[in-house]
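J.: Copying in the features that TrEMBL gives for the protein in this structure:
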DOMAIN    14-139  domain 'PGG'
TRANSMEM  21-43  transmembrane segment
TRANSMEM  63-86  transmembrane segment
TRANSMEM  115-139  transmembrane segment
TRANSMEM  145-169  transmembrane segment
């Protein structure tokens, strides 16, 4: 297979994967944005309180961890969306004929680096959203230690799944 055909195949694979990544990143931006305003535990509603409108759980460590990891997930997924937007705007391939996609080697290198960055940001966002989920539930279930601990263990399974997926990829890549 010559280099131009291989480049075309790589570009098509990146564009197909980028479409799926963009959907996931957009969903994560939406969910983390909403979670930032619908905080676990709710808001102080007593009209005579000096803390009216403030989050009830602000003094709990798990709640603080939730807010921070939710913000990290939001920023990383927004960065992934932006990276995909930049890829679409700056690397519009020149179409020759009906199916040939042509990019210079420099454009292809930049496209691949931007794609890798977006993928890393998406992975970081997915990791942070799992931590935000676990810490948010822990903050609201803190009085039920058994249930809170169970939720934490179940949440950690997501990271085990991530490791297993990477392990399978590495094993297959080395065959």
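Cβ coordinates come from backbone N, Cα and C, glycine included.
Please treat TrEMBL annotations as automatic predictions, because they have not gone through curation.
Remember, it's a predicted structure, so these values are computed and weren't measured experimentally.
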J.: Using Cβ atoms and a strict cutoff of less than 8 Å, what residues sit near the transmembrane segment (21-43) while being 6 or more residues removed from its termini?
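T.: Cβ under 8 Å, 6 or more out: 53-57, 63, 66-67, 70-71, 73-74, 77-78, 80-81, 84, 118-119, 121-122, 125-126, 129, 132, 136-137, 139-140.
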J.: Average pLDDT across the domain 'PGG' (14-139)?
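T.: Overall, the domain 'PGG' (14-139) comes to a mean pLDDT of 84.
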